[in-house]
């Protein structure tokens, strides 16, 4: 879900939505062998409008009739796109995501299966996202001030550190998944489920099938790990400064892109506009060897120091 059709912002209040008020529906084990806890049903929501869609999902702005909260309701055709094992893993992952509680993370409020669809109830953030902000500055032919870069990046790091501390990887950090509220609060969305809904959120697609944020270990199919999230954070920090992905190219094919990623071949950030600390952190995160990348604790600490320093100057 990003700030474009098929990827939408989510945000809003998350207090006890449907968790105690919702009707309990007995599961049908034959029809829904991997049913999540039935806390809500579609009858509990008034759908207002569609705000996003993917190949196997649609997202709606909706009102929960039980407490009048405005939410995002994502409907996923789970039985068409997954086998039984993938459904089980997806259900388990959603259970973990519901336990996350952080001011900079889109809250997973509830989930249930109805009419052969997985319905995920999410906090709704109805402002913009980081990709839209980057496009705006690019159109204006202006760089994002470094103070602003750290203001948002430190909040993003706080969100990722919360996830990693609970052994949850994001797997799809990119500007379109970083929502910004009207008051300047970052909300990280599309948590951890990208591999299940692969047709719509596998990687950062600026061109169809072009994964600009894919780490070297993923190119080599060595699996995703916590340091892969760090690579993506480095790419995002670079993009906030340069207004484009470090590995972007106008006429690249997938092979040449993968070569650039493996060799960490990207243009340096302008030293006259951005601090050595920012450029150094980008270099540490966009490192081909995942073992050489810092952990999220270090990245967050640097971001906090720079945010405080920039705010005081």
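Using N, Cα and C of the backbone, Cβ positions are placed for all residues, glycine too.
Between the stretches 267-270, 271-274, 275-278, Swiss-Prot puts its region 'Interaction with APBB1' entry on 267-270. Note on 199, 206, 228: Swiss-Prot annotates phosphoserine at 206; no matching annotation appears for the rest, which is not proof of its absence. 37 is the residue among 37, 111, 131 that Swiss-Prot labels phosphoserine. Noted from Swiss-Prot: of 20, 63, 70, 202, the annotation phosphothreonine belongs to 202.
In this structure, the binding-site residues under consideration are 51, 59, and the one with the smallest number of other Cβ atoms within 10 Å of its Cβ is 51.
In this view, residue 172 (active site, proton acceptor) is surrounded by 25 other Cβ atoms within 10 Å of its Cβ, with every protein chain counted. When other Cβ atoms within 10 Å of the Cβ of residue 57 (ATP binding site) are tallied across all protein chains shown, the result is 22.
Residue 53 (ATP binding site) has a Cβ environment of 18 other Cβ atoms inside 10 Å.
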